[in-house]
Structures are given as C-alpha cells and as structure tokens.
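Look at TrEMBL and you will find 134-208, 222-361, 415-508, 921-1009 tagged as domain 'Ig-like'. Summarising the annotation, TrEMBL assigns domain 'Fibronectin type-III' to 514-610, 612-707, 808-903.
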C-alpha cells in the first residue's frame, strides 16, 4: 500500500473463529520478528473487536504520521499471527532436519521458535553424529550397568574382520589380564570384565585406526542386608550398653536411629559407633532413663529394631550384719551382702568413720562387704554401721566385749553354730523355688569336735536319706534338699553337742510356687494380652504380684516388662514390633521373694487386623439377587490378607447372616436366592491372621427388586468443561437422564445440599434443570448431580465460573528515569475478577493537555519501560488490568509526574587512588661491634627509617632491657642511641635493636666487649 507521508494508514484483518473453542489471540508483526504491541502508543494503535454471533474478529492497525518522515517511500511488511490452542503437536526436529536452510526462519515463525540459533547449533551437532562410521558397523551403547561382583561383556562390530582394536579405560590402554579378556570372533570384538568392582566404574573406548567409539560403565553396589539382628536389652541405670548387629558386607555404611530420630556422635560422646569388619556396634556410656526407646539400624537393603529398657537401681540387702560378742584377742568380723557388686560403702563406729590400719581390715569382694577387727580390745566395743554410697539407708550391729577369766583347767570350747547363709530373713527363713535345689553349708566350732543332729519335727534326718539328707565334715554340717516340693516346707532344727555344752538353731524353709498355664491372646499391631493362672501354692505368704518378661524367638535375652509387682493375672504388653515372633514368661512374687519363672508361652506374633474395605457399593440388583463391589483395605499390615466375609441382615433386626461359607478373595460378590421386596443391609469385613477388620456397610438398606433401567446421566458436551458466565448473566442448565422406576435427583454444591434460595431446580422424568436468574460471584464452584434408584446411582459434576471485571492494579510507581525513557513498576490487582489476568493496558498523558495515549496493550509483565518521550514535557502514567471480561473500571495512576530534562554532559572529576606511603622498618646504618673499658660510659648507635614511625626495642642476649635503669635509650630524627652507664665485664654480650610497625619489622645486632682498666694501661 502506498500513501502520502501525512495521511493515516489503516490495515484491517478478519479472522473466522467458527471452528475455535475460544477467542483467538491476535498479534501484529513488522518484518519477521518485531512485535508491534511493544510499539503501540500515540502514533501506532491496535484495535480489535469480536462479534459473538458471527464469531468473526476484525482487527485493525492505525498509524498516524504526525512527524516529518524521510522523503523516500517506506514499505511496511505486516503479518497477522493468529494463535490458538488447538494446533497438533509436531516434531520440530524432524521438520528442520528435512527442510532447506532457506526455510529455517519461516519454520521458526510458524512454530513460535524464539531461540532459532541455539536449535540450529544442536541440529548441526545431530547431523554430525549421524555421519556413518567406516570402521564400525555397530558401535558400543552409550552406557552399560552391571552389579558389583558380576561379569559384563562389551561388544562392537567392525567393518574389517582382520583389523585390530585397542581398548582404553579412562584414556589408558587396557592390557589383557585374568579380569580383562579380549575376544575376536569374525567381525565382532569383545571385552569381558570379570568380577566387576567399583574401580571398573569408568569410561571405556574402542579404537580402530583413527576412529573410536566410547561408552560409560556404571557399577552398581548390591544392597547391604542385616545378617544378625539387634537384640532387646534391659540394663541398670549408669551401666554401659552395646547394641550389636552384623551386616553382609565389610565397611558398609549404616544409619542408627532412636525413636525415628537419627543418632550422631555428639560433643558429650553419649553415643559412640564402632565398626569391626561386618559388625557394627552402638555404644551408650552410662545409660539413663532418657535412653529408653526403640533403636533401629538401617542399611540400603534392610533394617533391624530393638528395644532398650533402663531400670533404676534398687539396692537389695541379701545379708545384713549381725551383733557380735567376742572375747579379748579374738577376731570380730562384720559381714553383709548387697545386690549390686559395684556399690561401695563406708563403715562407721559410733558415728565416726572407721579407717583401716594394722588391726582393722576393710574388704569389698563382689557383693560382699567385710569389716575385720583382729585382737579385739575393750575399746573396740560399740555400734558399727555400714552405709552404701548413694543410698539413703544403713545396716547396723553391735560389738559386745566379753571379759574371760582364765582358769588353769583343760581347754574345752562349747559348740557354736555360725548360721550365715544367703536369703535368710530376720526370722531365719530360707526361701526356695519349687523344683530347685537347696544346699546349706553351716559352719560349726567346738572342742572337742561336736556331734550334729538334724531334725524336722520329731523325725531325725540322717546321712544319705533320700531327697533330704545331711553330711558332717570337720568344721561344717551340710543340709541338702533336692527338688524342693511343697511338703518339704517346715522348721528344720540342728543340734550340736560336746562335753562342754550344746547349741541349737532353727531354720524355717519356705517353698515358693510358680505361675502356671501362660497363654497370649488379643494380639494387636504392637501389643498382646497375656493370661496366666496363680501358683498352686504360695509358699506360706500371699502372692502380692507378678513380674512379666518377654523375648524374641531368635534372641536369648529376656526383657522385664514391669519393675513393680503387677497384682492381676492379665497383662497387656505393648511396644512390640509387628510381624516379629515373641515368647512370654511370668514370675510370682510374695513377701519372701520371687518364684521360679513359669514355662514360656507358645510363640506368638503381634498382628493387627486390616482396616475396613473401602468403596462398598451396589453394582446391580434384581428380584432375587444383588451384586456388591468394594476395594481392598488401605492398610493390610504385616500379615497376608486371607479374604473377605460378606453378611446381610433384614432392616429392623440385628441378626447378621453370612452370604457364603468361608471367605472370598475377590472384591465383588453376587448374592442369590434373596426374597423379593425385602429391605436388607449389607456389610463386608476383611480377614487376616489377627481376625476380622472393622465392617464396611452401605449407607442405607437396599430393596431387593429389579431395576428396569439403570440410572444414567447424559451430560451435554459443553458442560464437560468449565462453564464461564459473567456476573449478572442467566444460567439455565438442562441435563437429560434415564432410569426406571423414576430415579431420585439430588443437586449439591461443594458437598452441601443446594437450597432453593440459592438456585432453582426443576425435575421431570427425563431431565433436570438448574436455573439461576442473576448470577453472582458466590455462584462459582462445583455442582454435583446424583441420579439414584435404591442403592444404584450415577453422578456427574458441573464446574461453574462466574467472572467479573478485575480491580485496578496496585502500587504503580516510577522506578527510574533516564534520557527519554521512564521505567514503571506495579503490583497485580487484589481482585482478579475470578479469572486470570491476561495483561495490562499502560497509558501516558502530557500534564499540559491530559490527553491519554496507549503505550502498551495486553502487556503481560508487571513492569515496563516507556520510551520516546518528548524532551521538555511532564508526563503522568496509568495502568488498567485486563481479564477475560475486559479492562478494569478504574486505573491505577502514578502519584508523581516525570519531567524529561534536556540531556547534557555532566562533569565528573577524575578520581585518584590515594598513594600508600607506608614503609616497613629498615636500618640504614647498622650497629658496630665495640670494645670499651669498664667504668666509662659506652654508647651503641644505629639509624632506622620507616612509615609510620616504628617502635624500637633494645635487647641484650635476647632479653628485653627497655625497663633497666642502667640503660638509657635515645631516638632523634631516626638515629637510635643506647647509652650504657659505667659498664662492667658483666655488661658484655650481644646487643640487638628491633624496629616494628604495621608494615613489618627489622633487626640489627652487635657484640660489646668490656675490658678491665688494667688492660687499658698495658
């Protein structure tokens, strides 16, 4: 088109959009690439309209030429691009590779390619790679993968079967060895790598002449499995804990966790990790109650878990100290035994600590503590006390001194029984667990040797008398009870006699029974309920409770579950691992002690039932049958799913009738032979080893009768995508359906029932209508339609979007001004009109005329640069938001105006780098060795330079003499002088001067010799 320079030019293009689903986007280009939308303004305006009836979109471009142009004729090549979303996917690489080079720009424009140069570089590289090899018929694959320890074979096919090939690994030639094997079969060349290791993970290359082909070999490590699992442990507070496992590979990395939190080696060294070949050990120093929990070790191929229980120390006294009565020169021994061999203690006499000396010996061996006093004196009489360290109790006894008058008669010692045995209470009662052996070794003394008689009641027990028998040796009498039974309970008396007298002691023996008939039931996911029977006999004292223990089947360590006696015979054990087999056992406890443990229970595995089946619904129903469907439970657990049980009952009754014998493994079932007209409720339960799950039931009972025509919604095609309407429009949705008898129609919005005030609904036998007279934004959302006959239903959803004009953009501000350009920035509007913001309309106005001109239209970003402003004018700017409905009603305007100044050259004074005058110290005149006469003042001089002025320090024999009164230091104009007042021979030596500043340091030294006066006379 040719036009005079001063006239307007208008271009009009019409687009037929009848076949398009939505309004197309129009773009104007000048030449091949210049998008004219960025140039629109006072002299260039783009307009478009859209006729909804004809779906024809005329678009025009008007150019007003107000400034003088060049006299030559300008030709404008305009191209209108219509973009739609219905273009099929095309392979651009295939098109470019087959097209001539002259068509590249055209193809790039048609398919919206912006980085044409980069694509051409890649295309050139692809064409190079497609060059056929002359030496290789078949090259190596780009990459190979092999498991560590396995074998792999790399193969290439060469063109000449007589040619020789070279194999390289990371650029180094491979020599044939036991692991690397080269093969040549016809045109095929093979490299076989046996027993691959991580060192074989590399780049391999096959060379034939000057050609080569490469590949990457990736060596995959096999997963590390746990060979020996962790074991549960129970320790006392303060003890050291070692949790040990064994993995399948040496040097493997493992991760330790406590209650799901990864453990690390912290500053306090609470946790230490030890690795010994395949063994990995977690060490906890001085366990506390906070260390209780589940510990887990993980590898990339498995995991193992164990439980740690930490018990507070409760010190038990097995043997208390007893009162002693001793004679002069005899030995007194106080002895006690406690439960913890690591507990130390202190002995006191009348409240004063007892110290060991030549006569007094204090020993601690294992659990026994002993105080021995040799050659007892009268002053040793008193109250003796043993106090265990860290515990708030003590053991006391009294030492009585017995004076003995010596008569000259033949020596005769009366017999004495020293009853000192473990487990003895204050009443001299010995507790033995039923079935165990009791052996009492009772020391006796007397001169002459006494005779020993054991009796129970009136019955005398002799040596070798069946299960209960006695033995007598020198200084001892031994009582043995084999396989204790309940009838062995009673009082046993021992009598020792000699001519000097006799002694008697009674021992009460109690036999404690054990719990019986241990069984486990009601297993859960991490728990089980244990039942047991009380012991057949209680040992003469009532049972006050029980102690329960458990262990894993593959472990040898029993863990105590309670520390205080549990009074009931039913206990729920928790914190177990699902799927792991356990055993349980129980101890009975009375006031005397703890019985022998019961036999271990049958092994059991904690397993929880599955969750209920989901999605139970009616698939079909007839006069005598019904078809049900459901889906697998969400949680199955460690046990396999055995099947499903289906039951039904009549409405108004509680009697559930199985629909079939046994279980079904399918997720659907047809139940036949039902009575027509009955209203039945159905439920389905999943079964595993732990039993049935919770039941999945139908929402309402089902009437057994045939549905002539299943309910079905015929949703129109235009409602299968979001229906968009403007605010104030009318919505009239008609949806046909089918179903006999007449189905029940239900509308809901966003999961809630639709109220008549919100929208009108009209239903007929064949369709339903949703009507909204005047739409508002609140009508947007998802509308659900359900058509139901009994329990058979069909559903459909309709998405309605009510859109409106957007609000104005926010916070429009001027970011920068330079030359004839202004940079603007703003924020999107708060209200987008319930649809996407498609762009912005930016306008400018001269403040004198306040006539607005469009700078950008349909501009996508939230910042822009307005160019070509006129020098000397003052401008203001405003921005409209655009969405599917149109422009926002109000714009966002700049608060300030911009004045375009006349450009000039601003003088910028030159900048100079400040010179660094700093200089490290340097001695320009050194010290000179001198020899002086004693008694006359001597001076040492040197000169130094440096910026800033250095700090000077004088040394004699490397010792600082700055504060010595004998020396005087002078400094003038860089000349340094050290004056030595009346030196003596002692002042001779090596003198050093050191100068230091921020830039460095320097030193200088000399030797000073001091001669005596007589040397000077000579």
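Using N, Cα and C of the backbone, Cβ positions are placed for all residues, glycine too.
Unlike curated entries, TrEMBL annotations are predicted automatically.
Here the listed stretches are 222-361, 415-508, 612-707, 808-903, 921-1009, and the one with the most C-beta pairs under 8 angstroms to the domain 'Ig-like' (134-208) is 222-361.
Take the domain 'Ig-like' (222-361) and the stretches 514-610, 612-707, 808-903: counting Cβ pairs under 8 Å, 514-610 has the most. Across the domain 'Fibronectin type-III' (808-903), the model assigns an average pLDDT of 90.
Helix, strand and coil counts from DSSP across the domain 'Ig-like' (134-208) read 3 helix, 40 strand, 32 coil.
Across the domain 'Fibronectin type-III' (808-903), DSSP assigns 0 helix, 50 strand, 46 coil. Each residue in the domain 'Ig-like' (222-361) gets a DSSP state, and the totals come to 3 helix, 72 strand, 65 coil. Under DSSP, residues within the domain 'Ig-like' (921-1009) fall into helix, strand and coil as 3 helix, 58 strand, 28 coil.
The domain 'Fibronectin type-III' (514-610): residue composition by secondary structure is 0 helix, 40 strand, 57 coil, according to DSSP.
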